[in-house]
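The feature active site, proton acceptor is assigned by TrEMBL to GLU94. If you look up TrEMBL, you'll see VAL171, GLN172, VAL173, GLY174, TYR179 marked as substrate binding site.
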Amino acid sequence: MTKGKIIVFTGPMFSRKTKSMVVELERTFWRKRNFLAFRPALDVRTERSLEKEICKALDMTMEDVKKLVFPVSTLDQVEEKIRNKKLEAVAFDETQFFDPWIVDIVRRLAWVAEVNVLISGLELDYKREGFGHMPALLAIADEVHKLTSVCSKCGERARFTQRISGTQEQVQVGGKGDYQARCADCFYDFVS
């Protein structure tokens with residue numbers, strides 16, 4: 001048996017990180033292998049893309065998807081769901097919002113349990129600084145897929161997320177009304 005891989009999908013908001021991760025889950029599903037997916041419980045946006053993307057990709061009902069995708073806040077909640085399960089893959093969406101335990105569980109799943117771990121999340125916050133524990137996860141990843149979006153100002157490739165509303169706190173869950181994808185030039189124009 002080979003060791004599990006850690007595969008990270010990162011980029012700014014609106015770069016289809018979740019969708020790219022779901023493509024990998026789809027491959028697992030069609031090989032008749034089992035997977036589970038987790039997202040942070042603090043992300044309560046109604047347009048939850050992880051569940052919707054899995055519904056579309058696997059042609060499942062939302063009821064079926066809820067047996068595979070779980071909102072979690074603690075390591076214990078993840079461990080309870082994966083205990084005694086034969087899994088080929090475990091996915092974590094919006095990984096920048098998880099607490100420090102995320103790095104440990106990813107290592108144990110990939111290196112001890114030999115499970116493929118799929119991660120999607122923002123590498124950088126709206127200040128272009130490392131977001132949460134994503135830098136540590138990128139450092140141990142076997143594969144990193146750096147995705148881009150479209151700059152909301154000029155239409156060029158966007159590597160950064162610009163906050164356009166809200167507080168100065170690093171964590172502010174939001175969507176299109178709070179954030180925009182920006183290229184480096186337009187990001188600097190906004191902050192200067």
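Here the Cβ of each residue, glycine as well, is placed from N, Cα and C on the backbone.
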Conformational class of GLU94 (active site, proton acceptor) under the three-state DSSP mapping: coil
C-alpha spacing of the residue listed as 'active site, proton acceptor' relative to TYR179 (substrate binding site), in angstrom: 15
Spatial neighbours, same chain, of the residue listed as 'active site, proton acceptor' - Cβ under 8 Å, 6+ residues apart: THR18, ARG39, PRO40, ASP43, LEU50, SER120, GLY121
Other C-beta atoms that fall within 10 angstroms of the C-beta of TYR179 (substrate binding site): 21
